[in-house]
Amino acid sequence: MTRNHKLIAQALAVLVAIVVVALAPGYLDLFTVMQLTLFASMAVLSLSLAFIWGFGGILSFGQSAFFGLGGYAYAVAVGNFGDSTPAIVLAILVPALFAGALGYFVFYGRISDVYLGVITLTVTLILFNVVNSTAGNEYTIGSVRLGGFNGIPAIQTFNMPFDPSDILYPEHAWWVTGGLLIVVYLGLRLLIGSTFGRIAIAVRENETRAALLGYDPRLVKLGVFVIGGAIAGLAGALYVNWGAFVGPTIFSLSLSAEIIIWITVGSLGTLVGPILGCVLIQYLVSQIGTQQTFNSNLVLGVILVGFVLLLPKGIVLSIQQAFEHLAYWWGQRKSTLPSSSLDVPAMEGEKG
């Protein structure tokens, strides 16, 4: 597939996404719109890991840590300010700053990738246990009680910018969530095509060569890690807006594992793939949840093993590879046919 074909396919995908986001509330019932809002918020989360893992080469097992920090930052901020606008900003900044602090010690401490996964996993467990133990009345930030294992209920949802009296309806929340998903996708697409994106890919491929060219791999990886944390924080705010509740389970390790499955199924090294994988897996899990025949975790494990063994490149790259093989086969077939066989014989009345 040529570069022009890829650009056309990406443009068509964005156009279709815009149409779906704009028209969905007019054709779907409220339950389906709410379900799509959840899927879109999780798709933003999948993009955060898709960027740092697929294009930065950083496998984080604790992406739900930044997701949870964003959710709690939004809940605490909106409870104190009464306005979702600064709360969304803080939901992005708090995880970004935390990712910056954690990433600084990890990358400038020259910790290997294996230990990076262990550290991010451990940080997620620590955050879960810390938040889970804040059940007393003394654990308040401003006027908001953290609530411990009970979480923070009845969280104010999104309102019009700087107008707390104008709360968004679920249909409007879908437009915001779906629109932000498209914005994050386009922003990452532009970032990957920029100088910073190309440097990040160079560092992913070979840190030593990138350093010899004058780039600091530690700084580049830190930048990628912070951007991924900020996007995960935004996803946390979108998720909390959807459910109007946040609890310690938002830091669960099962969610961190699910994100990896979404990307593996969709295709690592792409942006559309993780979105597709996230929506498909989320829909499958929601359908499994309506009956008691299968365990969703067992099904997810089977899916992961199946894709690793049978379709290791994921859905998107496998389809792309199939089209490339088909185009190559068609080109070879045309080149081997004699030129005379490609001519259409003249009709009897046209001879002479």
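Note: Cβ is positioned from N, Cα and C throughout, glycine not excepted.
Some features that TrEMBL has for this protein:
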{"type": "TRANSMEM", "residues": "7-27", "note": "transmembrane segment"}
{"type": "TRANSMEM", "residues": "33-53", "note": "transmembrane segment"}
{"type": "TRANSMEM", "residues": "65-82", "note": "transmembrane segment"}
{"type": "TRANSMEM", "residues": "88-107", "note": "transmembrane segment"}
{"type": "TRANSMEM", "residues": "114-131", "note": "transmembrane segment"}
{"type": "TRANSMEM", "residues": "172-192", "note": "transmembrane segment"}
{"type": "TRANSMEM", "residues": "219-239", "note": "transmembrane segment"}
{"type": "TRANSMEM", "residues": "259-285", "note": "transmembrane segment"}
{"type": "TRANSMEM", "residues": "297-319", "note": "transmembrane segment"}
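Of the Cβ pairs linking the transmembrane segment (65-82) with the transmembrane segment (219-239) and spaced 6 or more residues apart, 3 or more are under 8 Å, so the two regions touch. Segment contact holds for the transmembrane segment (114-131) and the transmembrane segment (88-107), given three or more CB pairs below 8 angstroms at sequence separation of 6 or more. When each of the listed stretches 33-53, 88-107, 172-192, 259-285, 297-319 is scored by C-beta pairs under 8 angstroms to the transmembrane segment (219-239), 88-107 comes out highest.
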